[in-house]
Ligand code: ATP
Ligand code: MG
(Lines of atoms letter the chains of each structure in order from A and count residues from 1; the text may use other names and numbers.)
(Lines give C-alpha, C1' and ligand atoms only; values in the text may rest on other atoms or scores of the structure.)
(Ligands and ions follow the chains in the order given, each with its own letter.)
Protein backbone atom coordinates (compact mmCIF):
# COMPACT_ATOMS: atom_id res chain seq x y z
CA UNK A 1 0.00 0.00 0.00
CA UNK A 2 1.44 3.38 -0.84
CA UNK A 3 -0.70 5.40 1.54
CA UNK A 4 -0.69 5.28 5.31
CA UNK A 5 -3.43 3.22 6.97
CA UNK A 6 -5.38 5.01 9.74
CA UNK A 7 -4.37 4.34 13.35
CA UNK A 8 -7.52 3.08 15.11
CA UNK A 9 -5.90 2.74 18.54
CA UNK A 10 -8.22 4.10 21.21
CA UNK A 11 -6.80 5.63 24.40
CA UNK A 12 -7.46 3.83 27.69
CA UNK A 13 -7.40 5.23 31.21
CA UNK A 14 -6.04 2.01 32.73
CA UNK A 15 -6.70 -1.58 33.66
CA UNK A 16 -10.30 -2.80 34.04
CA UNK A 17 -10.36 -4.10 37.60
CA UNK A 18 -14.06 -4.10 38.45
CA UNK A 19 -16.61 -6.73 37.42
CA UNK A 20 -19.47 -5.30 35.37
CA UNK A 21 -22.77 -5.22 37.24
CA UNK A 22 -24.60 -6.06 33.99
CA UNK A 23 -26.26 -9.46 33.93
CA UNK A 24 -27.54 -11.61 31.11
CA UNK A 25 -25.92 -9.64 28.29
CA UNK A 26 -23.58 -10.69 25.53
CA UNK A 27 -20.27 -9.15 26.52
CA UNK A 28 -17.75 -7.94 23.95
CA UNK A 29 -14.14 -9.04 24.38
CA UNK A 30 -11.29 -6.66 23.62
CA UNK A 31 -10.12 -8.87 20.76
CA UNK A 32 -13.36 -8.39 18.78
CA UNK A 33 -12.65 -5.99 15.95
CA UNK A 34 -14.30 -4.84 12.74
CA UNK A 35 -12.33 -4.82 9.52
CA UNK A 36 -11.88 -1.34 8.08
CA UNK A 37 -11.71 -2.50 4.47
CA UNK A 38 -14.57 -4.56 3.14
CA UNK A 39 -13.72 -4.54 -0.56
CA UNK A 40 -11.76 -7.56 -1.70
CA UNK A 41 -9.37 -5.41 -3.74
CA UNK A 42 -8.46 -3.41 -0.64
CA UNK A 43 -7.94 -6.54 1.47
CA UNK A 44 -5.90 -8.41 -1.13
CA UNK A 45 -2.50 -6.78 -0.27
CA UNK A 46 -2.94 -7.78 3.38
CA UNK A 47 -3.90 -11.34 2.46
CA UNK A 48 -0.93 -11.59 0.10
CA UNK A 49 1.63 -10.19 2.51
CA UNK A 50 0.22 -11.70 5.70
CA UNK A 51 0.15 -8.23 7.28
CA UNK A 52 -2.48 -7.36 9.89
CA UNK A 53 -5.30 -5.46 8.12
CA UNK A 54 -6.53 -2.25 9.78
CA UNK A 55 -9.48 -2.82 12.09
CA UNK A 56 -11.62 -0.90 14.55
CA UNK A 57 -12.34 -1.77 18.15
CA UNK A 58 -15.88 -3.07 18.55
CA UNK A 59 -18.32 -1.38 20.93
CA UNK A 60 -20.40 -3.15 23.56
CA UNK A 61 -20.43 -4.01 27.26
CA UNK A 62 -17.23 -5.41 28.77
CA UNK A 63 -17.17 -8.08 31.50
CA UNK A 64 -14.62 -6.07 33.47
CA UNK A 65 -14.77 -2.30 33.72
CA UNK A 66 -12.45 0.53 34.74
CA UNK A 67 -14.71 2.52 37.05
CA UNK A 68 -16.54 1.42 40.17
CA UNK A 69 -19.97 2.65 39.03
CA UNK A 70 -21.40 2.88 42.53
CA UNK A 71 -19.00 5.72 43.37
CA UNK A 72 -18.99 7.93 40.29
CA UNK A 73 -20.91 10.82 38.73
CA UNK A 74 -21.28 11.31 34.98
CA UNK A 75 -22.01 14.36 32.82
CA UNK A 76 -23.74 14.97 29.51
CA UNK A 77 -23.36 18.09 27.35
CA UNK A 78 -24.91 19.02 23.99
CA UNK A 79 -23.26 21.64 21.73
CA UNK A 80 -23.71 23.12 18.25
CA UNK A 81 -26.88 23.15 16.12
CA UNK A 82 -30.05 21.11 16.60
CA UNK A 83 -30.31 17.60 15.23
CA UNK A 84 -33.19 15.09 15.46
CA UNK A 85 -32.50 12.40 18.06
CA UNK A 86 -30.40 14.42 20.51
CA UNK A 87 -32.94 13.89 23.28
CA UNK A 88 -33.06 10.16 22.51
CA UNK A 89 -29.30 10.03 23.08
CA UNK A 90 -29.60 11.93 26.38
CA UNK A 91 -32.32 9.50 27.43
CA UNK A 92 -30.35 6.39 26.40
CA UNK A 93 -27.22 7.59 28.24
CA UNK A 94 -29.17 8.36 31.39
CA UNK A 95 -31.11 5.09 31.42
CA UNK A 96 -28.03 2.99 30.69
CA UNK A 97 -25.99 4.71 33.43
CA UNK A 98 -28.88 4.33 35.83
CA UNK A 99 -30.17 0.85 35.10
CA UNK A 100 -27.17 -0.98 33.61
CA UNK A 101 -24.51 0.37 35.96
CA UNK A 102 -26.34 1.84 38.96
CA UNK A 103 -24.94 5.37 38.58
CA UNK A 104 -27.16 7.78 40.52
CA UNK A 105 -25.52 11.13 39.80
CA UNK A 106 -25.98 11.98 36.13
CA UNK A 107 -25.57 15.70 35.45
CA UNK A 108 -26.91 17.36 32.32
CA UNK A 109 -24.84 20.48 31.68
CA UNK A 110 -26.90 23.38 30.35
CA UNK A 111 -26.11 25.49 27.28
CA UNK A 112 -23.21 23.54 25.80
CA UNK A 113 -19.65 23.95 27.05
CA UNK A 114 -20.76 27.17 28.78
CA UNK A 115 -22.52 25.00 31.36
CA UNK A 116 -19.29 23.09 32.06
CA UNK A 117 -17.69 26.33 33.30
CA UNK A 118 -18.88 27.03 36.84
CA UNK A 119 -18.61 30.82 36.75
CA UNK A 120 -21.29 31.02 34.02
CA UNK A 121 -23.74 29.94 36.72
CA UNK A 122 -25.86 27.44 34.72
CA UNK A 123 -26.60 24.79 37.36
CA UNK A 124 -26.49 21.29 35.89
CA UNK A 125 -29.75 19.38 35.69
CA UNK A 126 -29.85 16.12 37.67
CA UNK A 127 -30.99 13.56 35.10
CA UNK A 128 -33.09 10.64 36.33
CA UNK A 129 -35.33 8.12 34.54
CA UNK A 130 -38.30 10.34 35.47
CA UNK A 131 -36.72 13.48 33.99
CA UNK A 132 -35.87 11.76 30.70
CA UNK A 133 -39.10 9.76 30.57
CA UNK A 134 -40.69 11.31 27.47
CA UNK A 135 -37.95 13.52 26.09
CA UNK A 136 -37.48 11.27 23.05
CA UNK A 137 -40.80 12.59 21.77
CA UNK A 138 -39.39 16.13 21.69
CA UNK A 139 -37.21 17.78 19.06
CA UNK A 140 -34.20 19.90 20.04
CA UNK A 141 -32.21 19.27 23.21
CA UNK A 142 -33.60 19.54 26.74
CA UNK A 143 -30.13 20.66 27.88
CA UNK A 144 -29.94 23.48 25.29
CA UNK A 145 -26.77 24.34 23.43
CA UNK A 146 -24.35 27.18 22.76
CA UNK A 147 -21.46 28.11 20.53
CA UNK A 148 -18.14 29.69 21.42
CA UNK A 149 -14.99 28.37 23.09
CA UNK A 150 -14.48 27.72 26.80
CA UNK A 151 -11.17 27.19 28.59
CA UNK A 152 -10.43 23.45 29.07
CA UNK A 153 -8.83 24.22 32.46
CA UNK A 154 -12.03 25.83 33.76
CA UNK A 155 -14.12 22.93 32.44
CA UNK A 156 -11.89 20.29 34.05
CA UNK A 157 -11.95 22.29 37.34
CA UNK A 158 -15.73 21.94 37.43
CA UNK A 159 -15.71 18.28 36.35
CA UNK A 160 -13.31 17.54 39.21
CA UNK A 161 -15.43 19.49 41.68
CA UNK A 162 -18.54 17.51 40.69
CA UNK A 163 -16.64 14.20 40.70
CA UNK A 164 -17.40 13.52 37.04
CA UNK A 165 -15.73 10.29 35.88
CA UNK A 166 -17.24 10.14 32.39
CA UNK A 167 -18.24 13.14 30.27
CA UNK A 168 -20.44 12.45 27.25
CA UNK A 169 -20.27 15.16 24.59
CA UNK A 170 -22.99 15.23 21.96
CA UNK A 171 -21.95 17.52 19.13
CA UNK A 172 -20.25 18.05 15.80
CA UNK A 173 -16.63 18.50 14.84
CA UNK A 174 -16.23 21.63 16.99
CA UNK A 175 -17.59 19.80 20.03
CA UNK A 176 -15.30 16.85 19.41
CA UNK A 177 -12.25 19.11 19.18
CA UNK A 178 -13.36 20.73 22.45
CA UNK A 179 -13.88 17.25 23.97
CA UNK A 180 -10.34 16.22 22.98
CA UNK A 181 -8.97 19.31 24.75
CA UNK A 182 -10.87 18.40 27.92
CA UNK A 183 -9.45 14.85 27.77
CA UNK A 184 -5.92 16.25 27.26
CA UNK A 185 -6.27 18.63 30.20
CA UNK A 186 -7.58 15.82 32.45
CA UNK A 187 -4.67 13.59 31.38
CA UNK A 188 -2.19 16.42 32.04
CA UNK A 189 -3.54 16.62 35.59
CA UNK A 190 -3.39 12.85 35.95
CA UNK A 191 -7.18 12.69 36.52
CA UNK A 192 -8.91 9.57 35.21
CA UNK A 193 -11.76 11.30 33.38
CA UNK A 194 -13.15 9.53 30.34
CA UNK A 195 -14.45 11.74 27.51
CA UNK A 196 -16.75 10.00 25.05
CA UNK A 197 -18.24 11.74 22.00
CA UNK A 198 -21.51 10.90 20.32
CA UNK A 199 -21.21 12.57 16.91
CA UNK A 200 -24.11 14.87 16.15
CA UNK A 201 -24.07 16.05 12.60
CA UNK A 202 -27.23 16.06 10.59
CA UNK A 203 -25.07 16.14 7.43
CA UNK A 204 -23.57 12.65 8.13
CA UNK A 205 -20.16 14.09 7.33
CA UNK A 206 -17.90 12.44 9.92
CA UNK A 207 -15.02 10.33 8.59
CA UNK A 208 -14.73 6.67 9.66
CA UNK A 209 -18.41 6.55 10.59
CA UNK A 210 -20.95 5.20 8.15
CA UNK A 211 -23.98 6.82 9.75
CA UNK A 212 -24.72 9.55 12.24
CA UNK A 213 -28.02 9.97 14.07
CA UNK A 214 -30.64 12.35 12.73
CA UNK A 215 -29.63 11.90 9.11
CA UNK A 216 -32.43 9.49 8.28
CA UNK A 217 -35.04 11.74 9.88
CA UNK A 218 -33.57 14.67 7.96
CA UNK A 219 -33.95 12.82 4.66
CA UNK A 220 -37.55 11.92 5.59
CA UNK A 221 -38.40 15.55 6.29
CA UNK A 222 -36.41 16.89 3.36
CA UNK A 223 -38.44 14.68 1.11
CA UNK A 224 -41.65 16.27 2.40
CA UNK A 225 -40.28 19.60 1.18
CA UNK A 226 -39.30 18.07 -2.16
CA UNK A 227 -42.74 16.53 -2.49
CA UNK A 228 -44.26 19.99 -1.94
CA UNK A 229 -41.86 21.51 -4.47
CA UNK A 230 -42.75 18.84 -7.02
CA UNK A 231 -46.47 19.29 -6.45
CA UNK A 232 -46.15 23.06 -6.86
CA UNK A 233 -43.96 22.67 -9.96
CA UNK A 234 -46.32 20.29 -11.74
CA UNK A 235 -49.27 22.52 -10.81
CA UNK A 236 -48.11 25.42 -12.99
CA UNK A 237 -46.91 25.96 -16.54
CA UNK A 238 -43.11 26.12 -16.44
CA UNK A 239 -43.31 25.46 -12.72
CA UNK A 240 -40.03 25.32 -10.81
CA UNK A 241 -39.69 24.00 -7.24
CA UNK A 242 -36.44 24.99 -5.55
CA UNK A 243 -35.57 23.44 -2.17
CA UNK A 244 -32.54 24.42 -0.09
CA UNK A 245 -31.34 21.65 2.18
CA UNK A 246 -28.64 21.27 4.84
CA UNK A 247 -25.13 20.27 3.81
CA UNK A 248 -22.37 22.82 4.49
CA UNK A 249 -19.50 20.76 3.15
CA UNK A 250 -21.10 17.44 2.25
CA UNK A 251 -24.26 17.02 0.20
CA UNK A 252 -25.49 13.69 1.57
CA UNK A 253 -28.95 15.00 2.60
CA UNK A 254 -29.55 16.51 -0.85
CA UNK A 255 -28.21 13.37 -2.55
CA UNK A 256 -30.31 10.87 -0.58
CA UNK A 257 -33.41 13.08 -0.74
CA UNK A 258 -32.94 13.11 -4.50
CA UNK A 259 -33.08 9.32 -4.57
CA UNK A 260 -36.44 9.28 -2.73
CA UNK A 261 -39.14 8.91 -5.38
CA UNK A 262 -36.74 10.41 -7.94
CA UNK A 263 -38.66 13.70 -8.14
CA UNK A 264 -35.56 15.90 -8.24
CA UNK A 265 -34.20 16.94 -11.64
CA UNK A 266 -31.17 18.88 -10.45
CA UNK A 267 -29.23 18.02 -7.32
CA UNK A 268 -26.55 20.57 -6.46
CA UNK A 269 -23.97 19.72 -3.78
CA UNK A 270 -20.78 21.35 -2.45
CA UNK A 271 -18.59 18.55 -3.81
CA UNK A 272 -19.55 19.16 -7.45
CA UNK A 273 -18.99 22.73 -8.70
CA UNK A 274 -21.23 24.11 -11.44
CA UNK A 275 -21.49 27.31 -13.46
CA UNK A 276 -24.59 29.47 -13.39
CA UNK A 277 -24.70 29.67 -17.20
CA UNK A 278 -24.47 25.87 -17.56
CA UNK A 279 -27.12 25.30 -14.92
CA UNK A 280 -29.57 27.85 -16.40
CA UNK A 281 -29.12 26.38 -19.88
CA UNK A 282 -29.88 22.87 -18.59
CA UNK A 283 -32.89 24.22 -16.73
CA UNK A 284 -34.17 25.88 -19.90
CA UNK A 285 -33.83 22.56 -21.76
CA UNK A 286 -35.60 20.67 -19.02
CA UNK A 287 -38.53 23.14 -19.00
CA UNK A 288 -38.80 22.97 -22.78
CA UNK A 289 -38.90 19.17 -22.58
CA UNK A 290 -41.09 18.54 -19.52
CA UNK A 291 -42.73 21.83 -18.51
CA UNK A 292 -41.63 21.65 -14.87
CA UNK A 293 -38.46 21.15 -12.81
CA UNK A 294 -37.44 20.37 -9.22
CA UNK A 295 -34.08 21.49 -7.83
CA UNK A 296 -32.52 20.37 -4.54
CA UNK A 297 -29.57 22.51 -3.51
CA UNK A 298 -27.35 21.89 -0.49
CA UNK A 299 -26.54 25.05 1.47
CA UNK A 300 -22.81 24.73 0.77
CA UNK A 301 -23.21 24.21 -3.00
CA UNK A 302 -22.10 26.82 -5.51
CA UNK A 303 -20.29 28.97 -2.93
CA UNK A 304 -17.81 29.93 -5.66
CA UNK A 305 -20.67 31.79 -7.41
CA UNK A 306 -21.27 34.02 -4.36
CA UNK A 307 -19.17 36.80 -2.82
CA UNK A 308 -16.50 35.27 -0.53
CA UNK A 309 -17.75 34.75 3.05
CA UNK A 310 -16.20 37.09 5.58
CA UNK A 311 -18.27 36.50 8.74
CA UNK A 312 -17.99 33.66 11.26
CA UNK A 313 -20.18 32.53 14.18
CA UNK A 314 -19.02 32.43 17.84
CA UNK A 315 -17.44 29.00 17.29
CA UNK A 316 -15.45 30.21 14.28
CA UNK A 317 -17.62 28.47 11.64
CA UNK A 318 -17.62 30.55 8.45
CA UNK A 319 -21.09 31.90 7.58
CA UNK A 320 -21.98 30.67 4.13
CA UNK A 321 -23.49 32.80 1.38
CA UNK A 322 -27.16 32.01 0.72
CA UNK A 323 -27.14 29.88 -2.42
CA UNK A 324 -30.91 29.30 -2.17
CA UNK A 325 -32.06 32.89 -2.57
CA UNK A 326 -29.19 33.54 -5.00
CA UNK A 327 -30.44 30.77 -7.33
CA UNK A 328 -34.07 31.87 -6.89
CA UNK A 329 -33.22 35.40 -7.99
CA UNK A 330 -30.88 34.23 -10.77
CA UNK A 331 -33.51 31.86 -12.22
CA UNK A 332 -36.27 34.48 -12.06
CA UNK A 333 -33.97 37.09 -13.63
CA UNK A 334 -32.81 34.78 -16.39
CA UNK A 335 -36.27 33.69 -17.56
CA UNK A 336 -37.55 37.27 -17.33
CA UNK A 337 -34.65 38.34 -19.55
CA UNK A 338 -35.39 35.73 -22.21
CA UNK A 339 -39.13 36.40 -22.04
CA UNK A 340 -40.22 33.01 -20.71
CA UNK A 341 -42.90 33.06 -18.03
CA UNK A 342 -42.13 30.72 -15.12
CA UNK A 343 -43.62 30.11 -11.67
CA UNK A 344 -40.91 29.50 -9.10
CA UNK A 345 -41.65 28.31 -5.54
CA UNK A 346 -38.74 28.47 -3.12
CA UNK A 347 -38.76 26.31 0.02
CA UNK A 348 -36.15 26.44 2.81
CA UNK A 349 -37.18 23.80 5.39
CA UNK A 350 -33.85 23.71 7.30
CA UNK A 351 -35.07 24.77 10.75
CA UNK A 352 -38.20 22.65 10.44
CA UNK A 353 -36.02 19.63 9.67
CA UNK A 354 -33.49 20.30 12.43
CA UNK A 355 -36.16 20.59 15.12
CA UNK A 356 -37.99 17.33 14.36
CA UNK A 357 -38.00 14.49 16.84
CA UNK A 358 -36.21 11.41 15.50
CA UNK A 359 -38.10 8.89 13.38
CA UNK A 360 -38.34 5.33 14.69
CA UNK A 361 -35.20 4.05 13.02
CA UNK A 362 -33.12 7.02 14.17
CA UNK A 363 -34.58 6.69 17.65
CA UNK A 364 -33.46 3.05 17.90
CA UNK A 365 -30.05 4.05 16.50
CA UNK A 366 -29.76 6.79 19.16
CA UNK A 367 -30.55 4.28 21.89
CA UNK A 368 -27.81 1.94 20.72
CA UNK A 369 -25.32 4.81 20.34
CA UNK A 370 -26.12 5.92 23.89
CA UNK A 371 -25.73 2.43 25.34
CA UNK A 372 -22.46 1.86 23.51
CA UNK A 373 -21.14 5.24 24.66
CA UNK A 374 -21.82 4.28 28.28
CA UNK A 375 -20.13 0.88 27.87
CA UNK A 376 -17.10 2.60 26.30
CA UNK A 377 -16.81 5.10 29.16
CA UNK A 378 -17.24 2.42 31.81
CA UNK A 379 -14.35 0.35 30.43
CA UNK A 380 -12.10 3.40 30.57
CA UNK A 381 -11.88 4.34 26.94
CA UNK A 382 -11.37 8.05 26.34
CA UNK A 383 -10.94 10.69 23.64
CA UNK A 384 -13.07 8.60 21.28
CA UNK A 385 -16.43 8.66 19.55
CA UNK A 386 -18.97 5.91 19.17
CA UNK A 387 -19.28 5.05 15.53
CA UNK A 388 -20.70 2.37 13.35
CA UNK A 389 -19.06 0.47 10.56
CA UNK A 390 -20.42 -2.45 8.58
CA UNK A 391 -23.51 -2.68 10.79
CA UNK A 392 -21.51 -2.83 14.04
CA UNK A 393 -20.86 -0.25 16.74
CA UNK A 394 -17.24 0.83 16.96
CA UNK A 395 -14.81 2.97 18.96
CA UNK A 396 -13.05 5.61 16.85
CA UNK A 397 -10.35 8.01 18.17
CA UNK A 398 -11.54 11.64 18.08
CA UNK A 399 -8.41 12.64 16.13
CA UNK A 400 -9.52 10.38 13.25
CA UNK A 401 -13.17 11.45 13.35
CA UNK A 402 -12.20 15.13 13.16
CA UNK A 403 -9.27 14.71 10.78
CA UNK A 404 -11.31 15.54 7.69
CA UNK A 405 -14.95 15.60 6.65
CA UNK A 406 -16.59 12.73 4.89
CA UNK A 407 -17.74 13.90 1.46
CA UNK A 408 -19.52 12.59 -1.58
CA UNK A 409 -17.00 11.28 -4.08
CA UNK A 410 -18.02 12.88 -7.42
CA UNK A 411 -16.56 9.80 -9.14
CA UNK A 412 -18.17 7.34 -6.72
CA UNK A 413 -21.29 5.18 -6.84
CA UNK A 414 -23.60 7.44 -4.79
CA UNK A 415 -23.10 10.42 -7.09
CA UNK A 416 -23.39 8.17 -10.12
CA UNK A 417 -26.77 6.95 -8.79
CA UNK A 418 -27.89 10.54 -8.19
CA UNK A 419 -27.04 11.43 -11.79
CA UNK A 420 -28.81 8.30 -13.01
CA UNK A 421 -31.89 9.37 -11.02
CA UNK A 422 -32.01 13.04 -12.03
CA UNK A 423 -30.77 12.75 -15.59
CA UNK A 424 -28.76 15.95 -15.09
CA UNK A 425 -25.53 16.01 -17.02
CA UNK A 426 -22.37 15.01 -15.16
CA UNK A 427 -21.08 18.55 -15.33
CA UNK A 428 -23.39 21.52 -15.50
CA UNK A 429 -20.78 23.83 -16.94
P1 ATP B 1 -22.44 21.89 14.42
O2 ATP B 1 -22.29 20.77 13.46
O3 ATP B 1 -23.81 22.18 14.80
O4 ATP B 1 -21.63 23.09 14.02
P5 ATP B 1 -20.39 21.69 16.35
O6 ATP B 1 -20.11 20.80 17.50
O7 ATP B 1 -19.30 21.72 15.31
O8 ATP B 1 -21.78 21.31 15.77
P9 ATP B 1 -19.67 24.37 17.10
O10 ATP B 1 -20.52 25.52 17.54
O11 ATP B 1 -18.77 24.53 15.96
O12 ATP B 1 -20.66 23.15 16.90
O13 ATP B 1 -18.78 23.91 18.34
C14 ATP B 1 -19.38 23.48 19.56
C15 ATP B 1 -18.53 23.89 20.73
O16 ATP B 1 -17.19 23.40 20.56
C17 ATP B 1 -18.42 25.39 20.89
O18 ATP B 1 -18.51 25.70 22.26
C19 ATP B 1 -17.07 25.71 20.29
O20 ATP B 1 -16.49 26.88 20.81
C21 ATP B 1 -16.26 24.48 20.65
N22 ATP B 1 -15.16 24.30 19.71
C23 ATP B 1 -15.22 24.42 18.37
N24 ATP B 1 -14.01 24.20 17.80
C25 ATP B 1 -13.15 23.95 18.82
C26 ATP B 1 -11.74 23.68 18.90
N27 ATP B 1 -10.98 23.60 17.80
N28 ATP B 1 -11.21 23.49 20.12
C29 ATP B 1 -11.96 23.58 21.24
N30 ATP B 1 -13.30 23.84 21.23
C31 ATP B 1 -13.89 24.03 20.05
MG1 MG C 1 -19.28 23.01 13.62
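The backbone N, Cα and C atoms fix where each Cβ goes, and this holds for glycine too.
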Subject >> Co-listed ATP-binding residue [TrEMBL; alongside 147, 148, 172, 173, 174, 175] among 75, 81, 241, 247 >> reply: 81
**OP:** Pick the one from 154, 160, 299, 304 that TrEMBL also lists for the substrate site with 201, 202, 203, 246, 247, 248, 351, 352, 353, 354.
**Re:** 299
**OP:** Could you say which of the recorded positions 173, 203, 299 has its Cβ with the most other Cβ atoms inside 10 Å?
**Re:** 203
Original post:
Can you tell me the mean pLDDT for the domain 'Phosphofructokinase' (74-376)?
Top reply: 96
Original post:
Taking the recorded positions 203, 247, 299, 352, 354, which residues show a Cβ-atom distance to ligand 1 below 6 Å?
Top reply: none
Subject >> Chain-mates of 81, 147, 148, 172, 173, 174, 175 with C-beta within 8 Å of site centroid, ATP >> reply: 79, 80, 112, 171, 178, 315, 317
